[in-house]
Amino acid sequence: MSSYGGSGGYQRDSYRSGGGGGYSNGYSNGHGGGYGGRGGGYGGGGGSGYGGGYGGGGYGGGGYGRGGGGAGAGAGGDRMGNLGSGLKKQDWDLDTLPKFEKSFYKEHPDVTARSQREVDEFRKKCEMTVQGRDVPRPVETFDEAGFPQYVLSEVKAQGFEKPTAIQSQGWPMALSGRDVVGIAETGSGKTLSYCLPAIVHINAQPLLAPGDGPIVLILAPTRELAVQIQAEISKFGKSSRIRNTCVYGGVPKGPQIRDLSRGVEVCIATPGRLIDMLEAGRTNLRRVTYLVLDEADRMLDMGFEPQIRKIISQIRPDRQTCMWSATWPKEVRQLASDFLNNYIQVNIGSMDLSANHRITQIVEVISEFEKRDRMIKHLEKIMENRGNKCLVFTGTKRIADEITRFLRQDGWPALSIHGDKQQQERDWVLNEFKTGKSPIMVATDVASRGIDVRDITHVINYDYPNNSEDYVHRIGRTGRAGAKGTAITFFTTDNAKQARDLVTILSEAKQQIDPRLAEMVRYSGGGGHGGGYGRWGGRGGGRGRGGNFTASNAAPLGNNRRW
């Protein structure tokens with residue numbers, strides 16, 4: 001998608017960042033008085049609010065979804081299932097394929113001059129381990145990385161002091177043309193680890209001819225992460241006139257098709273929508289010589305493995321592949337061994353699942369019914385500082401909407417983001433949160449990776465996630481870029497099966513452990529999951545069609561302004 005606000009975005013010869021005022025204009029005056037009348041409550045009439053109210057009986061006759069529910073079938077997103085069945089099998093004859101350049105790394109004299117002991121000490125200090133044959137030495141400054149001046153000047157203009165650990169080792173690895181696996185926590189600077197070598201790679205290739213597809217393909221699990229990667233590529237590729245587009249579901253295909261047909265050197269995509277484009281003949285992957293799989297573990301968690309395999313089958317086998325992941329489970333290892341050749345690997349931090357040590361983790365063992373009161377108590381304290389930002393995670397989209405409505409009616413400036421929201425609403429919510437206009441964002445796990453808001457100070461896990469990996473990723477939204485953060489987690493007896501893993505993570509990070517949590521570990525084995533949607537009866541039917549905004553984000557703020 002070209003930019004957020006639909007204002008032209010990244011066209012062939014113009015690099016407008018697009019979308020500047022796109023959000024606010026698109027939504028009249030933000031919260032202002034723009035919500036109009038609410039019709040007959042949440043379920044009754046549509047009301048005259050945002051473009052036809054909340055979509056008629058969106059919340060199902062009366063109750064929270066006991067009745068027929070709205071017509072809403074979600075906002076699109078990436079289809080699963082039979083995607084890719086229309087793709088032709090490629091027979092690659094490497095002898096007839098055009099040759100391409102992928103090795104650009106020349107070791108800086110300062111790097112060569114270091115003794116092996118100095119290299120080992122640097123790696124130890126950065127908690128870095130490497131594997132594979134002939135792994136290049138890490139660089140300690142931007143100048144040592146050997147980037148061309150047009151890349152270096154842009155990096156320095158951003159005010160970075162020195163490379164992060166993953167960049168120190170990742171840049172020489174990627175610039176050398178080798179296949180690379182990088183394992184590092186989210187927020188460690190891995191996007192630049194592959195973006196800058198990608199720009200060097202593109203500039204060494206022949207120019208695109210009409211009808212050519214991209215040279216660099218970056219696959220990402222979510223729309224949010226894809227847009228964030230696009231922002232980095234745009235920033236650093238500007239001086240080389242590198243064009244890019246972002247291809248993801250949940251938005252109209254028109255602008256994406258237009259960008260692809262004009263020609264782009266970089267395509268950032270979620271797997272489902274990219275396969276749609278390939279099947280429709282809107283682009284091809286014959287020119288791709290630099291492939292990136294970002295957050296590979298997350299893509300596999302989300303069930304994208306069949307699509308990833310189909311996409312890779314369309315790319316020449318002598319390409320360079322870089323795979324980035326926050327964890328290294330067996331499924332990710334299998335993917336690496338299937339698609340990477342003679343790869344070299346860098347790990348930052350422990351190979352065991354561990355949380356960022358700059359995050360204070362507070363776990364409270366409470367009942368389901370205490371959660372709302374506890375959340376309000378914490379928010380009262382958190383929001384004493386106007387600069388704080390709080391991300392609240394829930395287990396389901398329904399609870400995300402309920403809590404957002406509850407908070408707004410209680411006077412808190414909260415908005416929610418999840419997979420059933422239209423893309424433009426998600427973009428708008430994210431922007432309100434980033435700019436601090438709405439410092440409380442309620443989210444499901446779709447937002448737990450790839451949302452790059454650097455200054456989140458607090459995370460509240462209203463519902464505990466299904467596994468400890470997701471717990472670590474959720475709390476990793478705070479404490480980024482060297483800052484400290486706080487994560488507050490509500491843990492109920494329904495979560496007892498997860499207690500042991502959680503205690504392991506807390507102990508490793510030297511955090512206090514609630515005695516009731518320790519007790520649960522001793523007696524766990526029971527617990528299990530309660531009866532589905534519990535208190536409110538059936539799930540009801542999504543959002544209803546119609547209004548531009550879902551009811552939760554359009555709920556008026558109560559008179560008792562809390563912030």
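For all residues, glycine too, the Cβ spot is worked out from N, Cα and C.
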Between the candidate ranges 140-168, 169-197, 256-284, 372-400, where does Swiss-Prot place the motif 'Q motif' annotation? 140-168
The annotated motif 'DEAD box' range in Swiss-Prot, which must be one of 62-65, 122-125, 294-297: 294-297
Compute the mean position of the Cβ atoms of A184, E185, T186, G187, S188, G189, K190, T191, which form the recorded ATP site, and then list in sequence order the other residues of that chain whose Cβ is within 8 Å of it. T164, I166, A326
Looking only at the domain 'Helicase ATP-binding' (171-346), report the model's average pLDDT. 92
Going by DSSP assignments with H, G and I as helix and E and B as strand, what are the residue counts for the motif 'Q motif' (140-168)? 16 helix, 0 strand, 13 coil
According to DSSP, folded down to helix, strand and coil, what is T186 (ATP binding site)? coil
For a quick check of packing: other C-beta atoms within 10 Å of the C-beta of T186 (ATP binding site), how many? 20
